[in-house]
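Asker: This is the structure I have questions about; it appears just below.
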Amino acid sequence: MTSAEKQLQPLFPHRHLLGIEGLSPTDITSLLDLADTYVEQNRQVDKKGSVLRGRTQINLFFEASTRTQSSFELAGKRLGADVMNMSVSSSSVKKGETLIDTAVTLNAMHPDLIIIRHQNSGAVELLAQKVSCSVINAGDGAHEHPTQALLDALTIRRRKGRLQGLIVAICGDILHSRVARSNILLLNAMGARVRVVAPPTLLPAGIERLGVEVFHDMAKGLEGVDIVMMLRLQLERMAGSYVPSQREYFHFYGLDYAKLAHAKPDALVMHPGPMNRGVEIDSAVADDIDRSLIREQVEMGVAVRMAVLDALSRNLPNELPLAGGRS
């Protein structure tokens, strides 16, 4: 390929961002590199850009969200988009409208980007098949949460300088976590080594097939790791009793300094939020200004979502047809 041909290649050759699965290391690196530029832009007094001027972004969240929804809203507005937050609680969905009918209705309004979070795995891909615009998965069931994995990767890369060769332990409720799945896929693709640490009741069957090491003991699982990523107990997705009690869970799996001591001396701590202090993480560890990256993750989230919106918008046509489909 000539240099001229390379310049004609799209930054991110995908119409949608439905998951980390299917992305190449080059795709991931391109998004992270672009996000790096937005980190610096967001630290300026004038944060406003214009790459989405004239574009319409719809945020469609079927599940409650603080960080992700506000982050996408801020990202779109900083890029100059017209942003609409659709309230599902007051929409036709509450009157029995199907997801497909919702998709067809929204598509008729000619949006350019739809960001969707849904409680059912696969719902985002279904919607993407019915619309003409670009779709971004903001979390679907226990399936994927791609922008969370990207922001976690950016946070790690900016602090450690790389992803390849790092040992990352993901600890907690792996069974119900879309964050865990997306992070496993991304970290493996970028050459990191991934461990999962959890009681057997909170691990999905066949998790080893994703290329992770499995531990049931925190001391052994954290031995020599570079990054400790804690996950909350997703009680809202639990139909039965997965742990004896939250107090006992913290005793065995909650991250405190005693357990963190098994990791490398310069190991860093992450959490996608929201946190349950005293359940999966001790407050002192969560608030440690030297070792906790939790606040940095929030900052990186806006930059990553700006990068994703920017990258997808470059592939948008100037005129959108009524008939939809995914590519």
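Each Cβ is built from the backbone N, Cα and C atoms, and glycine gets one as well.
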Asker: Where Swiss-Prot shows ARG67, THR68, HIS145, GLN148, GLY273, PRO274 binding carbamoyl phosphate, which of ARG43, ARG117, ARG247, ARG295 is named for the same site?
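Answerer: The record-listed residue among the candidates is ARG117.
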Asker: Distance check, please: Cα of GLN148 (carbamoyl phosphate binding site) against Cα of ARG232 (L-aspartate binding site), rounded to an integer number of angstrom.
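Answerer: ARG232 (L-aspartate binding site) has its Cα 15 Å from the Cα of GLN148 (carbamoyl phosphate binding site).
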Asker: With every protein chain in view, what's the tally of Cβ atoms within 10 Å of the Cβ of PRO274 (carbamoyl phosphate binding site), excluding that atom itself?
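Answerer: Its Cβ shell of radius 10 Å holds 10 other Cβ atoms.
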Asker: How many Å lie between the Cα of ARG117 (carbamoyl phosphate binding site) and the Cα of ARG178 (L-aspartate binding site)?
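Answerer: Cα-Cα, rounded: 11 Å.
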Asker: Report, in whole Å, the straight Cα-to-Cα distance of ARG178 (L-aspartate binding site) from THR68 (carbamoyl phosphate binding site).
Answerer: 14
Asker: Say we define neighbours as other CB atoms within 10 Å of the CB. Which of the binding-site residues THR68, GLN148 has the fewest?
Answerer: THR68
